[in-house]
């Protein structure tokens, strides 16, 4: 892998690294029992900030595409992961999340017309095994609804990842713009849902505000721009393996902040997960017999500059 690809992959990996700190931030800084509020306050401020920076709106078919991507990657994904978080141990949820590269490989066949190589499939299986060794324990409880919610969330984001690669971005727009559209489209669902289910938000302390600022500005705004930029430049398959950084960072965060320790089996799992991540960075080179033609992107309409 050349130096340019390494740089793009390294910056894209910052996204799942940031997401790996979400559990610690949530448990240490945020109010309990408000998952929909957390999801809404992650998505809406981040989307508004990126829209102000990019100052572009979608046009034509991209209104529909932004809505679809926003539902897959934000509006449905966020609530489902919080349902899973409340009903499953973190290790079980992380292990289910590790199947994303395999799902991306499967969806890529039909949507992108690209068949994954044997190396990618082996890396996907090794990644699942490595994460399982790293985060699972013998006393983990299983909950059918939690498993279904996490599996659905990962499947939705896997499809969103593939569609981002399929549709790319319209001419004149950046991935910052496309990310803003998705976050705001997801917020259209999350904000009223949070208000209806959880009611008015509680009084927020300084620690709460710091936690929300971190999750919205860094973990979400910066993280998703880097993630989608990586998909745009490197492809859906290689970037999906970067998601293995998430449980690795979460585990290392537990070591540093919560003073946990690693067993020999966990060290083996950590090694396998990192090995799978590196193995999965090889670009896919096997086209399917009937690739899907690339659609001509639509132009975008800039927002008017406010009067000074």
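Quick reminder: no glycine exception, Cβ is built from N, Cα and C everywhere.
Record note: among 3-23, 66-86, 66-86 is the stretch given as transmembrane segment by TrEMBL. Pairs of Cβ atoms less than 8 Å apart link the transmembrane segment (66-86) most often to 176-197, out of 92-113, 176-197, 209-227, 264-280. Looking at 92-113, 176-197, 264-280, the range that has the most CB pairs within less than 8 A of the transmembrane segment (144-164) turns out to be 92-113. As a whole-number mean, the pLDDT of the domain 'EamA' (11-135) in this prediction is 88.
Secondary structure of the domain 'EamA' (145-279) per DSSP, as helix, strand and coil residue counts: 114 helix, 0 strand, 21 coil. Two recorded stretches are said to be in contact when at least 3 C-beta pairs lie under 8 angstroms, sequence spacing 6 or more; the transmembrane segment (120-138) and the transmembrane segment (176-197) fall short of this definition. For the transmembrane segment (209-227), the list of distant contacts is 11-12, 14-16, 18-19, 21-22, 25-26, 28-30, 38, 41-43, 45-46, 49-50, 73, 175-176, 179, 182-183, 239: same-chain residues at least six beyond its ends, Cβ to Cβ under 8 Å.
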